[in-house]
Structure formats: C-alpha cells, structure tokens
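Residues or ranges marked as ATP binding site by Swiss-Prot: Thr58, Val59, Gly60, Gly61, Ser62, Gly63, Lys64, Thr65.
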Amino acid sequence: MQALVNKIWYQGHPLRWLLLPLSWLFAVITYVRRALFRLGIKSQTAMPVPVIVVGNITVGGSGKTPTVIYLIELLRQHGFTPGVISRGYGVDIQGVRTVNLGASAVEVGDEPAMIVARTQVPMVVGAKRVDAANALIAEFGVDVIICDDGLQHYALGRDIELVVIDGQRGLGNGLLLPAGPLREGAWRLDAVDFIVNNGGPAAKGQFEMQLAPTEVKPVKCDLTSGEYSFDKSQPLVAMAGIGNPARFFESLRAQGYQLALCQGFDDHQPYDKTQLRDLAQDLPLLMTEKDAVKCRDFAQENWWYLAVNAKLSPQFDEQLLARLREVAAAKQGNFHGIR
C-alpha cells in the first residue's frame, strides 16, 4: 500500500485525479478549522514561556526529529532550559505522560524515546498539547517549549513556527490529502517564521540543513565503546522505518557501506526479534537511530545503528535566537501573543 501511495504522491500516478474531489473536501475542512481559531471561535491557549513548533505540511518524515535535537542543544548552549512536548505517535495515552530516560517506544512513542535517550531533555507526551505543555512547565520549570510536530494543532498557542521540508521529495505533487501528501496548502509556508530544507538546495528564504552521520554503534546498550568495532567493508543488511527510507540507504552507499540488502518499513512500524533475525540472517543489521530504540530489548550483538546530527548555518542560529529573545522579553512583560 505504501508503495502505491508514494507513486501517487511523488511519481505522478494517474490515480491522484480520482482522489482529487476528496482533497477539495479536505481543503475546505482544514481552512474552516484554522479560520475558527484565527477568529477566536475556537480557543487557543498561550503559554507563559515561548513555544517553538517544529512541524511540516506534508505527511511522513522530513527531518523534524534531528531538527528538534539540534534546537535542544542550541538553546542549552545559549543559556535556555528547553523542554519538549509531543503527541507520542501510535501510543494510547490517557492524559499526559513524562518521558523518562530508558522509557520504551511502546510506552511513549519512538521519537520521544529517541529524543530523551539522546539529550536527556525534560519531555512530556499527550494527545492534547496544551495539557502536555502545562505539565512540562509545572514539573520541570522549563523556559522554552519545543513542540515536536503539532503545526496543525492550533489549540496550542505558538510564538515561533518552524517547518522542515524534505529537500529530495519536496511537496510531492503539490496536492492535499489524500490525492497528495500535503496536510495544508503550500500557502501555509508563507505564514511560518522559518523554513528548513533538509538536504537542499534551499530556495530563497529557506535554510539548508544537512544530516551528518556519526559513528556506528551497537543497538545493545550493554556494550561500551571499547568493546566493539564495526567493519564498514563487510556485507550487511540495511533497514529503515522512517518517512523516506531511500535517503538512509543512499547515505550509507555514499559512505562506502556494502549493502547486500535494503529493507524499508513504514514510519513508526513496530518490530519483533524473529522478523528482524529472519531479515538479517547471519549478516550484520544496520538501522536508523529511531529504529534502534524499538529494538533494544531484543537486539542481537551484530545489530547496529547509525545516528545523524543536523547541521545548520550560523545565520539560522542567529536569527532564531534573536526571535526567541524577543518573544521571551515580551512574555516576561506579561504579553501573550496568539497567532
């Protein structure tokens, strides 16, 4: 099914025209919903601290999670105490839930588990972002909230909107769901504060981001750096359960890894030991960091993951920090802006 969807959205498959009437209906629904918030008919809750929403206008992965991790580290370097909220995709959460270090993807979602494992940032997940944000402030006293996804969750007031675009796939065929991959029309990009292009080239007004690979690490957590080594010249099986698996495989080939087999999975797909053991056979299995957090409880010693770090320009850092300081000063002056 996912292969057919990708053909419709990104390769010009003629089935998109049959779905177009549904896209028109979706356009009306999304426009009316946003208008209700802008007109004040539906309420939007402002937070007492700045809120940065990191999202996209397309379905599927675009590089939001590496961007969130980048922002966490950037803000810490400049004296802020950030916290993160998220929906916790695929997890049935009643109320809100704090993401503790070592929490499983089954409990909190794969991306929250990965973010906390990497950064140890204060994080709360919940279906209602407003409740998650209030819990984050009450429990941890953060001075900036980063909302992982949630661009279309207008009940949460936001001060800075940052959209991440997949530089390879762009906006696909430019159509709204279900005929295309768009959650909102391309016009929405004109209303956000920052557009980050993952993989570039960045258009005017956008900031290019590159994902730089780090060292290969074992999925098993009980191995330390002195107890393992990885030979990238050996044949291996690569797997990726992310929005654009091809990007991961292309990156591995460019780095000189010898890929005997590449297996893409749906984003957020759960795994089990037998499934992946049968996939790898006796070869090393190399996966993304987001996949690794779902496999640690049953990982084999020859299962590995490759993490990436987002790289953005100093100009991006300067502009985002300047905007954030403006917002923080206004909040301290008892100004609560709702956009």
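Each Cβ is built from the backbone N, Cα and C atoms, and glycine gets one as well.
Structure with Swiss-Prot features highlighted.
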residue: Thr58; record: ATP binding site; Cβ contacts under 8 Å, 6 or more apart: Ile165, Asp166, Arg169, Leu171, Gly172, Pro181, Leu182, Arg183
residue: Val59; record: ATP binding site; Cβ contacts under 8 Å, 6 or more apart: Leu177, Pro181, Leu182, Arg183
residue: Gly60; record: ATP binding site; Cβ contacts under 8 Å, 6 or more apart: Asp166, Pro181, Gly243, Asn244, Asp267
residue: Gly61; record: ATP binding site; Cβ contacts under 8 Å, 6 or more apart: Asp166, Ile242, Gly243, Asn244, Asp267
residue: Ser62; record: ATP binding site; Cβ contacts under 8 Å, 6 or more apart: Asn56, Val164, Ile165, Asp166, Asn198, Gly243, Asn244
residue: Gly63; record: ATP binding site; Cβ contacts under 8 Å, 6 or more apart: Val164, Asp166, Val196, Asn198, Gly199, Met209, Leu211, Ala310
residue: Lys64; record: ATP binding site; Cβ contacts under 8 Å, 6 or more apart: Val54, Gly55, Asn56, Asp148, Asp149, Val164
residue: Thr65; record: ATP binding site; Cβ contacts under 8 Å, 6 or more apart: Glu111, Met114, Ile115, Asp148, Lys290
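Reduced to three states, the DSSP call for Thr58 (ATP binding site) is strand. Report note: the ATP site is defined by Thr58, Val59, Gly60, Gly61, Ser62, Gly63, Lys64, Thr65, and the residues of the same chain whose CB lies within 8 Å of the CB centroid of those residues, excluding them, are Asn56, Val164, Asp166, Gly243, Asn244.
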